[in-house]
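As written in Swiss-Prot, here are the features:
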type     : residues                                                                                : note
BINDING  : Ala11, Ala14, Thr33, Lys34, Ser40, Thr42, Gly47, Ala163, Asp217, Glu382, Ser398, Leu399 : FAD binding site
MOD_RES  : His41                                                                                   : tele-8alpha-FAD histidine
MOD_RES  : Lys121                                                                                  : N6-succinyllysine
MOD_RES  : Lys124                                                                                  : N6-acetyllysine
MOD_RES  : Lys192                                                                                  : N6-succinyllysine
BINDING  : His238, Arg282, His349, Arg393, Ala396                                                  : oxaloacetate binding site
MOD_RES  : Lys277                                                                                  : N6-acetyllysine
ACT_SITE : Arg282                                                                                  : active site, proton acceptor
MOD_RES  : Lys427                                                                                  : N6-acetyllysine
MOD_RES  : Lys427                                                                                  : N6-succinyllysine
MOD_RES  : Lys440                                                                                  : N6-succinyllysine
MOD_RES  : Lys459                                                                                  : N6-acetyllysine
MOD_RES  : Lys480                                                                                  : N6-succinyllysine
MOD_RES  : Lys489                                                                                  : N6-acetyllysine
MOD_RES  : Lys492                                                                                  : N6-acetyllysine
Amino acid sequence: DHEFDAVVVGAGGAGLRAAFGLSEAGFNTACGTKLFPTRSHTVAAQGGINAALGNMEEDNWRWHFYDTVKGSDWLGDQDAIHYMTEQAPASVVELENYGMPFSTTEDGKIYQRAFGGQSLKFGKGGQAHRSCCVADRTGHSLLHTLYGRSLRYDTSYFVENFALDLLMENGECRGVIALCIEDGSIHRIRAKNTVIATGGYGRTYFSCTSAHTSTGDGTAMVTRAGLPCQDLEFIQFHPTGIYGAGCLITEGCRGEGGILINSQGERFMERYAPVAKDLASRDVVSRSMTLEIREGRSWGPEKDHVYLQLHHLPPEQLATRLPGISETAMIFAGVDVTKEPIPVLPTVHYNMGGIPTNYKGQVLKHVNGQDQVVPGLYACGEAACASVHGAIRLGANSLLDLVVFGRACALSIAESCSPGDKVPPIKANAGEESVMNLDKLRFADGSIRTSELRLSMQKSMQSHAAVFRVGSVLQEGCEKISQLYGELKHLKTFDRGMVWNTDLVETLELQNLMLCALQTIYGAEARKESRGAHAREDYKVRVDEYDYYXA
C-alpha cells in the first residue's frame, strides 16, 4: 500500500506533463507506467505540434480555433477547443524554454510546416503554415524533453507497473491497483486525485500505426468502474501507413510537397479535392485512396495500395526535413525515396473518442441527461475525450492536446486541493476482484491462445469497421466481437510464474482491447449518420440533431 496526493497512470507526453506539473505545485505525486517513460507511444509522433505563432505568415489562434472546429466535423466541444488553441502558442514557447530543439528558419524562428486542414482568415486566406516541428521526429524530441524536465522534480516513478483497475468507493476515485511486472507484487496506490493518461487502443485493429502497447488500458479501467466512454466509434485512419508494415509515413511528407499517385501515374487527389489536393483532411484522403483501390486503379499483385511519390523533391530537402522517413521507407518497404515511390495504405492511427472530460480534465459521467464530475478522477491525452478532436482530428493537434491538457489536469487539481490533504480511506479488501481476475488468468487452462484470439478480433474489426461502414456488416461485426468476447473464458496461458510474466500481461491487455472493441463497434452500429471518420454508406448525411443529445 502506498499513499500519495496524486497518482498519474501513464507516462507519455500527457502523463509526464501532468506528473511534473503536480510535483511542481508541491504535490506528492506517483507516476505508474507499464513501460519506461521514453518508450511511450508519444515517441512515434512525427509531424509536428500546431500553434498560431505566425512565424511564416500572419496567424491568429482564432483561425486555428475555426479550423479545429471545422475539422472536428462540428462534433468537437468548442469550449475545450477554444482553451486549447488559445493556450497553444504559450505551450510551444514553454517547450522551447524546456530545451526542445525545434527546427528553425534562417532568421532563427521556429520553422512551421503546412499540414492538412489548416487555413488562414477563417478558411478564406489559403494554406496556413502552423505546425512547429523537429524535422520528422517531433514526438521523439517532445517526449525526451518532457522526461528530462520531469527528472528535476521529486516524482515517484513506478516503472513497469501495469495498472489493473481504479479503486472506486461511493462513486469517487481513490487511486489505482497495479501489478509490478518485475516481481509480480501487487501495489495499491491510494491518492486523492488520479489522472489517467494511458493513450489509445489502436491495437484493436489489424493494421495500425500504434505501438503494441496501445491497448486502451485506461479506457477499459473506466468501463469496468461503470463509467461511460464517449465517441469511441470515431477512429482516425491515417492515409499513409506503409503497405504491409503499418508504419506511419508522416503527413509532413505531403506538407513538404509529396504527392499520391495511382496505377495510371495520375495525381488522383486533384479529382477529389481540387483546392487542398494532397493536403485535404485525413478522412477525405483515406476515403479517396480506398475508392481508387476499389475501382482497380491501384498497384501491387493484389491491387491493394497506392504510391506516395517524393523523388521529385530535391534530395537535400529530403535529407534535412524528412530524414527519418527516408530511413523508415528503406527498412520497412525496401524503398529508396530519392528514386522510387513508397507503397501506402490507409491505416488505423488515432482514437478521437475516450473518457469524457471537460476542458479542465475532470472526468464526467452522465446522470439524468446532465454531465456530472466524478470526484478525484482526471484524464488527458489520447485516452481522454474533452473532445477537442470531435469526429476527426487535424494532424499535429494531438501533441498539442497532450501538453495543454496534461498541464490543465495539474492546474485544476491544484485549484481544488492542496498538498498534504488527507487521503480518504478505502475498504480493507478494495481491489480484490482485480487480484482474483489476475489469478484466474494466470492459471487459465482453456483451448485458445491469447495471440489467436487477439488476431481474430483484429481481423474482424478491420473487416467490419474500416474506412467505409455499412449497417449489415456492422451488425455482423457486433455479433462476431460479442462472440469473441465470450471466448475470453476459454483462454489458455502458459506462464504460471510471477516474474516478467509477459504472457499474463498480454492477456490482461487483450481483456482491455476487447472492451474497447465491443464499445467501438456497437457505437458505430448505433450512429446512423456519416460524420468525420465515421462514414456510413447507408446513411451518407450528417444528422445535426445528434449534436444536442447523447445518441
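Placed from the backbone N, Cα and C atoms, the Cβ positions cover glycine too.
Note that the structure is predicted; figures quoted are calculated from it, not measured.
A map of Swiss-Prot features onto the structure.
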{"residue": "Thr33", "record": "FAD binding site", "contacts (Cβ under 8 Å, 6+ apart)": "Val9, Gly10, Ala11, Gly15, Ser40, Tyr157, Phe158, Val159, Glu160, Asn161"}
{"residue": "Gly47", "record": "FAD binding site", "contacts (Cβ under 8 Å, 6+ apart)": "Arg113, Phe115, Ser131, Cys133, Asp136, Thr138, Thr250, Glu251, Gly252, Gly255, Gly395, Ala396"}
{"residue": "Lys121", "record": "N6-succinyllysine", "contacts (Cβ under 8 Å, 6+ apart)": "Trp63"}
{"residue": "Lys124", "record": "N6-acetyllysine", "contacts (Cβ under 8 Å, 6+ apart)": "none"}
{"residue": "Lys277", "record": "N6-acetyllysine", "contacts (Cβ under 8 Å, 6+ apart)": "Ile259, Arg267, Met269, Glu270"}
{"residue": "Arg393", "record": "oxaloacetate binding site", "contacts (Cβ under 8 Å, 6+ apart)": "Gly71, Ser72, Gln236, Arg282, Tyr350, Met352"}
{"residue": "Lys427", "record": "N6-acetyllysine", "contacts (Cβ under 8 Å, 6+ apart)": "Glu169"}
{"residue": "Lys440", "record": "N6-succinyllysine", "contacts (Cβ under 8 Å, 6+ apart)": "none"}
{"residue": "Lys459", "record": "N6-acetyllysine", "contacts (Cβ under 8 Å, 6+ apart)": "Phe206"}
{"residue": "Lys492", "record": "N6-acetyllysine", "contacts (Cβ under 8 Å, 6+ apart)": "Ala444, Asp445, Gly446, Ser447, Ile448, Arg449"}
Looking at the recorded positions listed here (His238, His349, Lys480, Lys489), whose Cα lies nearest to that of Asp217 (FAD binding site)?
His349
Same-chain residues at least 6 apart in sequence whose Cβ lies under 8 Å from Lys480 (N6-succinyllysine):
Ser460, His464
Rounded to the nearest Å, what's the C-alpha distance separating Lys192 (N6-succinyllysine) and His41 (tele-8alpha-FAD histidine)? Just drop the number here, would you?
27
What same-chain residues, at least 6 away in sequence, bring their CB to under 8 Å of the CB of Lys489 (N6-acetyllysine)?
Gly446
In DSSP terms, helix, strand or coil for Lys489 (N6-acetyllysine)?
helix
Which value in Å gives the longest Cα to Cα span across the FAD site residues Ala11, Ala14, Thr33, Lys34, Ser40, Thr42, Gly47, Ala163, Asp217, Glu382, Ser398, Leu399 as recorded?
30
Give me the CA-CA distance between the residue listed as 'tele-8alpha-FAD histidine' and His349 (oxaloacetate binding site), in Å, as a whole number.
12
Could you tell me the C-alpha distance between His238 (oxaloacetate binding site) and Ser398 (FAD binding site) in angstrom, no decimals?
13
So the record assigns His238, Arg282, His349, Arg393, Ala396 to oxaloacetate. If I measure every Cα pair among those residues, what is the longest distance in angstrom, as a whole number?
13
Just to verify a number: CA distance, Ser398 (FAD binding site) to His349 (oxaloacetate binding site), in angstrom, no decimals.
11
Given a separation of at least six residues and a C-beta threshold under 8 Å, show me what packs close to His349 (oxaloacetate binding site) in the same chain.
Gly202, Cys208, Thr209, Ser210, Gln236, Phe237, His238, Gly241, Leu248, Arg282
In three-state DSSP terms, the structure that Arg393 (oxaloacetate binding site) belongs to:
coil
On a count of neighbouring CB atoms within 10 A, which of the recorded positions Ala11, His41, Lys192 is highest?
Ala11
What other residues of this chain sit with their CB within 8 A of the center of the CB atoms of His238, Arg282, His349, Arg393, Ala396, the recorded oxaloacetate site?
Gln236, Glu251, Tyr350, Leu394, Gly395, Ser398
Tell me whether Lys192 (N6-succinyllysine) sits in a helix, a strand or coil according to DSSP.
strand
Lowest local Cβ density among Ser40, Ser398, which the record lists as binding-site residues, within 10 Å:
Ser398
